[in-house]
Amino acid sequence: MTGRVCVLVMDSFGIGASLDAARYGDVGANTLVHIYEACKRGECDIDGVRKGSLMLPNLASKGLYHAAMASSGLPFIDLSALAIPSGYYGYAVEQSLGKDTPSGHWEMAGVPVTFEWGYFPDKPYCFPEELISEFIKQCNLPGVLGEKHASGTIIIDELGEEHIRTGKPIVYTSADSVFQIAAHEEAFGLQRLYDICKIARNLVDKYQIGRVIARPFAGKPGSFKRTGNRKDYATPPPEKTLLDFLKEDGREVIAIGKIADIYAHQGVTQEIKADGNMALFDATLSAMKTAPQGSLVFTNFVDFDSSYGHRRDVAGYAHALEQFDARLPELEVLLQPNDMVFIAADHGCDPTFPGSDHTREHIPVLMFGPQVNSKFIGRRDCFADIGQSIAEHLQLSSPLAHGVSFL
C-alpha cells in the first residue's frame, strides 16, 4: 500500500462560474474572487477579528490563486508576485446535473449524478398534499408548519414559538433537492426529530428527493439557535463509490463531519462527528495521527456553506477561510512520506450573489504531500478525476468507472 490520503472538502468554495451557469441563473458567480474583492474594498472588516485583504498564504502556496485565475480568467491578483505552487493545482467542472452536496461528493468519489433530482416548487404549500398527510399520519403529528421555501434561520424565528406551543414540526425546502424538518430539541425531542426524519426519508423516495435533513434548534423565542445535531438522511448513491471499493479492499475509510450522511453511511468504516470548522479540523488531525497505511480520511467543512454562503455573510466567510488556511501547517507536519492531501469543494455558494442558494461553479483541485512536486493539472472535466487519482495512489485493484487520474 502506498501512503494515506486525506481529503478536505471546503463545502461551497467555488472558484468561478461554469460554462453552463446560465442554466442555473448563476452567470458571474465566483465565491473566491468576490470574497477577495470585498475584502480588498474593506467590506469584510470585523472588529477585533479580521481586517483588510484576504490572507490565505498556505492555500496560495498550494496553487489556489493560480487555479482560480485559470478557472475564471479574472486577473484579480498578480500571480507574478506569488511563489511557484508546491503541489498539483487546477480546477474541475461538474458533470452532475445538480449543484448540491450529494451530487458534488458522489461525483468526487467516482459517481456523477446523471439523473434529475426531484424539487419542490417555490410556492406556498409547496409539498404534495399526499406527502404531508401521510407524513402527519405515520408520525402521529397534530400537523405541520411552514410548507414553503425558506431560510432555515429565518423560519425558526418566524415559526419556532408556534412550533413549541402546538407540537407541530416545521417543514420547508430550498432550491436544493431537500425536505427539511426543524424542531426544538427540548420541546419536541431530538430523538423524536430523528425518528420522523427516517419516516420522511421513506416517503420522499418516490419524489426523487436527495436528502431529508434534521434541523434541530434550541433556545427561547427571539433567540432561537440551530444546534450542531443536524443529521442528513441521503438516498444512497446509484453505484458503488470510491469509499465502497476501499472498504471492500480492507481499507479504513474515516468519515468526519457529515461525510457519512452524504454517502448514506455506505463504504465507511469509522464515523467521527464534530460541530464547527475548527472542531472538524481537530478531528481530522486526530484521525491522521492514527490512520493506517492505505486509508482515507475524508472531511467536509460545512460551515463555509451553511453559516456563511447561504446566509450571504461575506465577512464571516472570509474569516472562516483564514482560520482554515492557518491550520494547514498542523496537518502537513503529520504527513508520512507517501501521504497525499486533496483540497476541493462540492459546488459554489457565492455570498455576494442574489438569493441564498448554491451557485454553479468550478471547484479548486489542490493536491500536496511530502513527495509531490509542482504541477498545473489544468481543467479537469469531471470531479471524478479526484476519486480516480485517489484510487490510483492507494493502489486499488481496478480503476473507478468514471474519471481520469491526474497523477
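Using the three backbone atoms N, Cα and C, a Cβ is placed for every residue, glycine included.
Not measured: the values here are computed from a predicted model.
What Swiss-Prot says about this protein:
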- Asp11, Asp346, His347: Mn(2+) 1 binding site (BINDING)
- Asp305, His310, His358: Mn(2+) 2 binding site (BINDING)
Exercise for the section: Mind giving me a neighbour count for His358 (Mn(2+) 2 binding site)? Other Cβ atoms within 10 Å of its Cβ, every protein chain shown. Expected result: 31
Handout entry: Residue pair Asp305 (Mn(2+) 2 binding site), His347 (Mn(2+) 1 binding site) - Cα distance, angstrom, rounded
Key = 9
Completion exercise
CB contacts under 8 angstroms to His347 (Mn(2+) 1 binding site), restricted to the same chain and 6+ apart in sequence, sorted by sequence, are Ser12, Gly14, Glu94, Lys99, Asp100, Thr101, Ser103, Gly104, His358, Thr359, Arg360, Glu361, Ile363
Practice task
Show, in sequence order, which residues other than Asp11, Asp346, His347 on the same chain lie with their Cβ within 8 Å of the centre of the Cβ atoms of the Mn(2+) 1 site.
Solution key: Val9, Met10, Ser12, Phe13, Asp100, Thr101, Gly104, His105, Asp305, Ala345, Gly348, Cys349, His358, Ile363
Problem - CB-centroid shell, 8 A cutoff, Mn(2+) 2 site Asp305, His310, His358, site residues removed - result: Asp11, Ser12, Ser306, Gly309, His347, Cys349, Ser356, Asp357
Practice task
Could you say whether, by DSSP, Asp305 (Mn(2+) 2 binding site) belongs to a helix, a strand or a coil region?
Solution key: helix
Completion exercise
Cβ proximity for Asp346 (Mn(2+) 1 binding site), under 8 A, sequence spacing 6+, ordered by residue number, returns Val9, Asp11, Ser12, Asp100, Thr101, Ser103, Gly104, His105, Met108, Asn300, Ile363
